[in-house]
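Contents: one structure, followed by commentary.
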Amino acid sequence: MDESFDAFEIKPNSSIIEHFNNHPTCIDKEFNFILQKTELRALETDKFRSALEAKNKLKNRYSNVLPFEETRVKINIDDDDDDEDDNEDDIIVSNNNNNNNNNEKRIKRNSIGSSGQSDVMSNSSDEEDHGGSGDEGTTLSDYINASFINNGTYICTQGPLLNTIVDFWKMIWEQNSNIIVMLTREEENFKTKCDKYWPDKDEERYGNFIVKFDNNITIPDILIRREFTLENLKDNKTRKIYHFQYTTWPDHGTPVSTTGFLKFVSFVDHEKRSGPIVVHCSAGIGRSGTFVAIHSIVAKFAKHYDEKKQAPSINLPKLVVEMRNERPGMVQTRDQYRFCYLAISEAMNTVLKKEQKKRKGLSYSYSSIPLTGPEHD
């Protein structure tokens, strides 16, 4: 480990509150350290070779939010990926109702996407749509704007574009992922942040995949939980997909409540996971990075405490730098970085309080057991 990270480590016998009290300027100092460690790497254009290829240009929602070559997710290229109606420029998207009437629409691959490649990435990148009509076509490739994070525990990706929805579901299938975490709304401040890639009822077809709506549950101000059945038409196999959408996270901001956000995290963890957790907001760096940082540290803390009954050390700057070395710009703002600490602190305190209650309850139960049989008059 780089020795310069040691100064930011929170030891097992300390706490985040003590860390804040002992280092009043720690947020600014740590975030500046993160920028210093990662900003040069994000400017090296050779690190983004596939993302910058002309044929992949329209697959990027934002021209300055791109995946590193070495950590990008690759999708398989199949001969019949684009054969669905002998038209290699179109993607089939169909809506099938219960009467088996098939209402198909076709989306031109060259009709939607980024208007151009400007800066590769900057730490002050605005999560605003750079999209345009575009007049350059794309060809089949293994490229999708998505990155493996934390050694493949997560995949962080942009909100799908209309012309990348098929690629998105293909990635879900190939990576054997059954959990999708969505941290944006489809539209925010009158701007499209994510194109809709799922049906609200019945089913829709995306290329060689059918996504069937099963059910949903809405908890106001926290989440919409959806269940889908994903069918691969090429091998006639199906899988269950769990889709969790956090509905109250403002772009570039932070959730109002750490408690509400941690409830959302607990809902995600309730489902047994297969494959990487696929996380996206709009660009796949700010809100997505914040979720991954919180989720990974809270999971580490809970596991370590359950096994050893003591808290592990925490080094948030080290984690964020590692994440940014896998996808540029992860945990995009200082406020998001601060929110990580606040949410992690609350989650840790919750675990400790539960353990204290458990011990008190155990102590009480032992003291309440009579040592002899009941007395009789």
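Every residue, even glycine, has its Cβ placed from backbone N, Cα and C.
Summarising the annotation, Swiss-Prot assigns active site, phosphocysteine intermediate to Cys281 and lists sequence analysis as the type of evidence.
The compositional bias 'Acidic residues' annotation in Swiss-Prot covers 78-91.
Marked as compositional bias 'Low complexity' by Swiss-Prot: 92-102.
Under the heading compositional bias 'Polar residues', Swiss-Prot lists 113-123.
The annotation domain 'Tyrosine-protein phosphatase' is assigned in Swiss-Prot to 27-347.
Under the heading region 'Disordered', Swiss-Prot lists 77-137.
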Within the predicted model, mean pLDDT of the domain 'Tyrosine-protein phosphatase' (27-347): 86
Protein Cβ atoms within 10 Å of Cys281 (active site, phosphocysteine intermediate), excluding its own: 28
